Amino acid sequence: MTLVENEEILRDDLKYYFMSPCEKYRARRQLPWKLGVQILKIIMITSQLILFGLNNQLVVSYKEENAMTFKNLFLKDYSGVDEEDYSVALYSQQAVYDSLFYVLDQYRQLGRLSVGPISYAEEDGKLLPLVICKEYYKRGNVEPSDEAYDIDAQLEKVCMAHDPTNVSQWKAENVSFFNLEFYRLVDIKITFQLKGINLQTVRSHELPDCYVFFVTITFDNQCHSGKIKIFLDIDALSSACKNWKISGTAQKNTHYLLVFDGFVILVCLTSAVLCTRSIVLAVKLLQRFSRFFRENYNHKVCKTDEKEFLNGWYVLVIVSDAMAIVGSILKMEIQAKSLTSYDVCSIFLGTSTLMVWVGVIRYLGYFQKYNVLILTMKTAFPKVIRFCCCAGMIYLGYTFCGWIVLGPYHEKFEGLSRVAESLFSLVNGDDMYTTFAQLKDKNSLVWLFSRIYLYSFISLFIYMVLSLFIALITDAYDTIKNYQKNGFPMTDLQRFLREQKDFPPSEEGSEMDTETGMGHPALCCCRRYSNVKIALPHIIKISITDNLILSKVPFYDDGSIVC
């Protein structure tokens, strides 16, 4: 086969590889299988996410409402609203005893109190006992009036269990256990198990789940500040009910959902295989192209042209397919009542759906009027990352400073994560006045420091950092718009596809490349040349988004930059 024939075959393969699905169909009448699979996958994964989301909402609402029910049932004087994560605060010894015995009495009367299908947990036909544990210092003697104390810091833990049916007798027999020495007491924990059935799923034609609730009520006295906080936490474990019978219109449709999830897995596997095949073909095509240039033109393919063959969209699709497969398997396990990892499944399904919909932008990028976002993001991304690294150092400095200085005086600066969130809201102009107004002015020095701290942070990040951040993106956008209007610089690959053979000899040098889509490079692989004669150079000045000004750039007569 002659050189001309090899060149024409390679050029045809390259042109076909970089065609859009519609162009491939018009060129060779080959159906766009990958496009069809992606459209089908979008529909199926979105439908799967919606179905799982609706079911997950029922589960989450059931758990949250049961948690609120238990707080109202077992916590004395509960107001219905938690403050700083604790439910009730106690300030007297009598209030502690009353609240402690109130939990025991309410637990004994649970069957007559609860309006929901809740009952005691049983094992082998016996009720599981309620367990009370108190933790305290091994030995202690405190005399605040004499400013004296004698504490053994070693902790001891004493637990007792009882049957809920004989609470009164049990309290009378264990009076010494409830004789609390508060200066030694660290905390009291009451744990018990309850069982319930989520009947609301019957309306959605699904089998109700049976739940086991692990309830923990903690009387926290670790601070020894005269304020004991009561926390109520629950962990819920769902499982398939052993004995069930449903009559009427409700039917079990779990197997239909399992079949649907299996079909989603099959579609995602097909998509991943097709994308992997395309990546392999692209690598082989790049090797052919590089070998052809090296053997026939003694020319090395530049990095920009090499990146055109490595399509990042395929990698994104493969990752989204893998996450969708894992999420679908977890969803099937949840429906089969083998797992209860709703949160993990939601992360996999939600992230895969996000990636699938982001991947749609790839097909819009084939149209010049719709690919401005893609090109701008690709052009600005490297500079934005470098800029964020520099600005992040200043941001971290303000975060640590605000936490250590303002933390004791302002609720928005009590923890590092809360400080970072508060500063981020300030950058976006949220809650500025309340942040200033909520600072406690008991310490004049801290109040003055807070004003300097907040004013300097807001001025620096809103007026300078944020403005420069926007300027970087705007500069990249203006560059892309200018190229779309006046034409993009041509690379070696594009010159080859247009059957232009005047490739200049290349030498190793500095490279300035910004990734863009095929056919629209923002800046070709420009190298420094030494002792190379350029025919008819044009003297121009180009504004480069890398904050460089290139003058006297050698151009060919057709307006393309010498690569």
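Cβ atoms here come from the backbone N, Cα and C positions, even for glycine.
A quick note: this is a predicted structure, and the numbers were derived from the prediction, not measured.
What TrEMBL says about this one:
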- 59-242: domain 'Mucolipin extracytosolic' (DOMAIN)
- 256-283: transmembrane segment (TRANSMEM)
- 313-330: transmembrane segment (TRANSMEM)
- 342-364: transmembrane segment (TRANSMEM)
- 344-480: domain 'Polycystin cation channel PKD1/PKD2' (DOMAIN)
- 384-406: transmembrane segment (TRANSMEM)
- 452-473: transmembrane segment (TRANSMEM)
Can you tell me which parts of the same chain pack against the transmembrane segment (452-473), counting only residues 6+ beyond its ends and a CB-CB cutoff under 8 A?
376, 380, 383-384, 387-388, 391, 394-395, 398, 401-402, 405-406, 423, 426-427, 429, 432, 435-436
With an 8 Å cut-off on Cβ pairs and a sequence gap of 6 or more, do the transmembrane segment (342-364) and the transmembrane segment (384-406) reach 3 or more such pairs?
no
Could you tell me how many residues in the domain 'Polycystin cation channel PKD1/PKD2' (344-480) are helical, how many are strand and how many are coil under DSSP?
114 helix, 0 strand, 23 coil
